[in-house]
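Structure record follows, encoded as structure tokens.
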Amino acid sequence: MMNFTLLTYLADCQPKVRSELEKFSKNLEEDIQQLREIGLDILVDGQDYRLVPMLPLLNPQQISTALFPYSIHYQPIISSTNEWILQNILSLKKGDLCVAEYQTAGRGRRGRQWLSPFAGQIMFSFYWAFDPKKSIEGLSLVIGLAIAEVLNVQVKWPNDILFDERKLGGILVEIANHKNGMLNLVIGIGINVSLSKQTEISQPYAEVCEIDPDVERQTLLPKLIQHLYTRLNIFEQNGIDEEFQQAWQSYNAFSNSEINVLTEQGVISGIEQGIDERGYLKVLCGNKIQMFNGGEVSLRKK
């Protein structure tokens, strides 16, 4: 288990003498090695140890105050925030969150691994419940739009967040097996804020620090969650109505673009026309509109 107390003491980027660090560690060399294995750079100069650059860890107490009455469960190092919510859902209320600095087994869409450098992203999952009689088609679009509105970036159907045509973040929605008469969901969100140069991601990616060099996760996180919950409450009342369709289209990275839709049956080309009241994608193919739902469908610009 990683020594988070030691990391917290090192996080300010100031040199720390070995004898001080040994108050927090029974085996300093082993603990330092574990920190390095998750991508942290710790310099050693004689008896002095220094973590570079400074690591701006989240302050869970301040976040809890900003998001009252929701409970914030701060798990600095965790396998998966979605998994934590799923395992603890019986003791949670709607809107309660799990927030992490680092995930060892984060998941993305279609079971892909979600890579998370330490304290370089906003990573959280929360519990939400819907009336089972109401449709939640288009839910991931609602989440994506809420994030795009706060960050002033773009969405790509069905659930990618883009800046400058590069992926800034992703969304994972899972159904929870919790028998309380509601449709129970775990919603996970990961957003790149400031990644180290050593981060190995196989596709072009963007970071919030490109948009706002002074960004602080501490203030951005509650702002995102508050707006997200506002959008979810509107969605519960109105669904994917005309107002939402227009708002989503205004942030759509592929609006009226020539695209290829990659399906299990093959590639379909056309011009993207936005979404309908179910959140389905509308594509003009020749003189006919074809509809696509999420599932195993991907989009590419031509």
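Think of each number as a place in line: the chain as shown, counted from 1.
Backbone N, Cα and C define each Cβ position, glycine as well.
Over the DNA-binding region (14-33) the predicted model carries a mean pLDDT of 94. Swiss-Prot lists 14-33 with the feature DNA-binding region, giving sequence analysis as the kind of evidence.
According to Swiss-Prot, the feature domain 'BPL/LPL catalytic' maps to 62-236, an assignment based on sequence analysis.
What Swiss-Prot records for Ser80, Thr81, Asn82, Gln103, Arg107, Gly108, Arg109, Lys167 is biotin binding site. Residues near Lys167 (biotin binding site) in space but far in sequence (CB under 8 A, at least 6 apart, same chain), listed by position: Asp160, Ile161, Asn192, Gln203, Pro204, Tyr205, Ala206.
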Per the Cβ filter (under 8 Å) with a sequence gap of at least 6 from its ends, the DNA-binding region (14-33) is approached by 2-3, 5-6, 42, 44-45, 47-50
In all the protein chains shown, the tally of other Cβ atoms within 10 Å of the Cβ of Gln103 (biotin binding site) is 26
